[in-house]
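A.B. asks: There's a structure below that I have some questions on.
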Amino acid sequence: MTTLHFSGFPRVGAFRELKFAQEKYWRKEISEQELLDVAKDLREKNWKHQAAANADYVAVGDFTFYDHILDLQVATGAIPARFGFDSQNLPLEQFFQLARGNKDQFAIEMTKWFDTNYHYLVPEFHADTEFKANAKHYVQQLQEAQTLGLKAKPTVVGPLTFLWVGKEKGSVEFDRLSLLPKLLPVYVEILTALVEAGAEWIQIDEPALAVDLPKEWVEAYKDVYATLNKVSAKILLGTYFGSVAEHAALLKSLPVDGLHIDLVRAPEQLDAFAGYDKVLSAGVIDGRNIWRANLNKVLETVGPLQAKLGERLWISSSCSLLHTPFDLSVEEKLKANKPDLYSWLAFTLQKTQELRVLKAALNEGRDSVAEELAASQAAADSRANSSEIHRADVAKRLADLPVNAGQRKSPFADRIKAQQAWLNLPLLPTTNIGSFPQTTEIRQARAAFKKGELSASDYEAAMKKEIALVVEEQEKLDLDVLVHGEAERNDMVEYFGELLSGFAFTQYGWVQSYGSRCVKPPIIFGDVSRPEAMTVAWSTYAQNLTKRPMKGMLTGPVTILQWSFVRNDIPRATVCKQIALALNDEVLDLEKAGIKVIQIDEPAIREGLPLKRADWDAYLNWAGESFRLSSAGCEDSTQIHTHMCYSEFNDILPAIAAMDADVITIETSRSDMELLAAFGEFKYPNDIGPGVYDIHSPRVPTEAEVEHLLRKAIEVVPVERLWVNPDCGLKTRGWKETLEQLQVMMNVTRKLRAELAK
């Protein structure tokens, strides 16, 4: 009989219950116990959904109050020593301070989890880091599931991936792999505690196997799993996000009891594991996208596998379902307005049922689920033949693009002269990244407008009032290049998707980005174009309120692609270029309307990189081409900005330079300007604005901290090409800390300008 198991589930709840409870707790509106009760209820619901899909093992240990890698830092005693906290007795309040910072310490750095848009908290490893086991997080969840009468499989990120996703810190140079001998015994203690609590199987996830690992890291797997094999539980080694075929010989030799492989991202790797003689878990339902599977097609893969493997075949999603929205069935508007599209989709709960159908088809025969298989086939056929998806005019515009269509008219050296001639900016020009606080009033007005309780004219008036406030406050602070604050935007991607053709939206399709921050990605289901101007009216209104330059604000094509659920019937590169041409129409309209500083945000450029370096060039070529297409045809005097965050840039700087933005602003404060060093070494040719304070925390930095970062930046970047700005947009902050933070930034800027003028 084929076994069905799960690797992980969304944590926030069907209606973001965890988010709202967390934020109430942070505002001291509910007690810790009330927050714990919400979390326990969500875990139980998740397990019951998995059980309802006839799962043989539900996933435990995947639920977290903030981030599963932060949980692992606590479990291994690897929390940053700079906080002075005891990982053995860590109150929830201190757990959140690790993630969000406090008055004495900045938050743990955050970056993307492999090539997803989920963020994890980066472990800080020092040469003298000591580890200490605390298995409470995993054991408690295991026991909770057992109390419900469920068979549960704890899921823990493995030791090599844990070290791989961390960073070396401190003044002593060392390789974090050298910490492995100290870390391994702690893992043994954690796994032993789980065995003692009744775990039969434990899933140890090693997604690092899907990247280009150095030889010494690959070789370390032998000793690691020889050691972990001494624990009496059965180990399922989990891999996902890409192919691990190159490590097939190693993986077949490891003393584990089973292997999970991602057959959605890398179906071709199955051949490499044809002779595997242990449990093989086939990840056949997409854990990262929202398209319904053609179950008959999936059975063409897993049917023959079952014939070969028998009871050694397990099935699951490709990876944790963390990356998918919770439940399609609550999307009543989508069902009413786009019934065909609705029939092509599957969210987390629907994916659990797809797995239930597959298990039944394998174990009881296809006739037992004939109706479900027929419905799956009908949806696949409908999507393949839909006239809603393909547009001849969009295809023709792409086909007719000349070579080098995105090239600016002149090189940067000439453009910057034309720009400074009218901008007349001081040394160390200051700006904001884009958004200002999304207040309760803004959200209430938007909600009332969407419900039809507020007229279009009243909504516009409310947003204009907010824009006027943002402009006024920036002028008071004496910022140089202003932003309008994006009051009218619910989300930097969703806003544009709602105004572009080929996109669709959900009401409750939220996925976790980090902590309590959730995003609701648009669905790109068809060819993309821009029916009418999207931002021009708001930007020109803001520009008319001030004599200072006002930035037009657009989200770039790669980021819109990366932060959407993308159609999987044509290449992603084609979709991206379609978006770029739609944005180009907007850029040229902004320019005509007198907006001569235009920011095209690309925070997601790096997360689109394939996990294997051999595939990078192809991606970077079409990503860079798409960015250039979006600003094609601009005058030299129009200044194009871009913004990138949470990124390691060192290895893609030539590609970033080839994007040829006049100004790039980057997130650097959490890494103490570490990321900026690469730009200096590369001699990045255009203007740079490194973030001088962290906006992800409500903490107001001291002037000394901001000055320290800005002086470090001046050491790296020629001062005439250096801008001063926060790390990122200010949407999630409150007004009080926003103004205090910006005031600190401006005070330091004025001090250094005066010093440099001497």
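The backbone N, Cα and C atoms fix where each Cβ goes, glycine too.
Just lifted these from Swiss-Prot, have a look:
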- ARG16, GLU17, LEU18, LYS19, LYS112, ARG517, CYS518, TRP563, GLU607: 5-methyltetrahydropteroyltri-L-glutamate binding site (BINDING)
- ILE433, GLY434, SER435, GLU486, ASP601: L-homocysteine binding site (BINDING)
- ILE433, GLY434, SER435, GLU486, ASP601: L-methionine binding site (BINDING)
- HIS643, CYS645, GLU667, CYS728: Zn(2+) binding site (BINDING)
- HIS696: active site, proton donor (ACT_SITE)
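Thinking about packing and proximity, how do these listed features fit into the structure?
C.D. replies: The Cβ neighbour count for ARG16 (5-methyltetrahydropteroyltri-L-glutamate binding site), using a 10 Å radius over every protein chain in view, is 19.
Taking a C-beta cut-off of under 8 angstroms and a sequence separation of 6 or more, ILE433 (L-homocysteine binding site) has the following same-chain neighbours: VAL483, HIS643, THR665, GLY691, ASN725, PRO726, ASP727, CYS728, GLY729, LEU730.
DSSP classifies ILE433 (L-homocysteine binding site) as coil under the three-state reduction.
Around the Cβ of CYS645 (Zn(2+) binding site), a 10 Å sphere holds 25 further Cβ atoms from the protein chains shown.
Taken residue by residue with DSSP, HIS696 (active site, proton donor) is part of neither helix nor strand, so it is coil. In sequence order, ARG100, ALA107, MET110, ARG670, ASP727, CYS728, THR732 make up the list of same-chain residues 6 or more apart from HIS696 (active site, proton donor) whose Cβ falls under 8 Å from its Cβ.
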A.B. asks: Compare the Cα of GLY434 (L-homocysteine binding site) against each of the binding-site residues ARG16, LYS112, CYS518, GLU607, GLU667 and report the nearest.
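C.D. replies: Smallest Cα separation from GLY434 (L-homocysteine binding site) among ARG16, LYS112, CYS518, GLU607, GLU667: GLU667.
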A.B. asks: Rounded to a whole number, what is the top Cα to Cα distance in Å among the residues the record ties to L-homocysteine, namely ILE433, GLY434, SER435, GLU486, ASP601?
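C.D. replies: Max Cα-Cα spread across the L-homocysteine binders: 13 Å.
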A.B. asks: Determine which residues of the same chain, besides ILE433, GLY434, SER435, GLU486, ASP601, have their CB within 8 A of the center of the CB atoms at the recorded L-homocysteine site, and list them by sequence.
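C.D. replies: Output for this site, in sequence order: ASN432, VAL483, MET492, MET553, GLN599, HIS643, CYS728, GLY729, LYS731.
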A.B. asks: Under a criterion of Cβ-Cβ distance under 8 Å and sequence separation of at least 6, what residues of the same chain contact ASP601 (L-homocysteine binding site)?
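C.D. replies: GLY434, MET492, MET553, LEU554, THR555, GLY556, THR559, THR642, HIS643 - these are the non-local Cβ neighbours of ASP601 (L-homocysteine binding site), listed in sequence order.
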A.B. asks: Measuring Cα to Cα, tell me the gap between GLU607 (5-methyltetrahydropteroyltri-L-glutamate binding site) and CYS645 (Zn(2+) binding site) in whole angstrom.
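C.D. replies: Cα of GLU607 (5-methyltetrahydropteroyltri-L-glutamate binding site) to Cα of CYS645 (Zn(2+) binding site) measures 10 Å after rounding.
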A.B. asks: Nearest to CYS645 (Zn(2+) binding site) in three-dimensional space, by Cα, is which of the binding-site residues ARG16, SER435, GLU486, CYS518?
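C.D. replies: Spatially nearest to CYS645 (Zn(2+) binding site) by Cα position is SER435.
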A.B. asks: Using only the residues recorded as binding 5-methyltetrahydropteroyltri-L-glutamate (ARG16, GLU17, LEU18, LYS19, LYS112, ARG517, CYS518, TRP563, GLU607), report the maximum Cα-Cα distance in Å, whole number please.
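C.D. replies: Binding-site diameter by Cα atoms for 5-methyltetrahydropteroyltri-L-glutamate: 28 Å.
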A.B. asks: Judged by the number of other CB atoms within 10 angstroms, which among GLU486, GLU607, GLU667 is the least packed of the binding-site residues?
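C.D. replies: The binding-site residues GLU486, GLU607, GLU667 were compared, and GLU607 has the fewest Cβ atoms within 10 Å.
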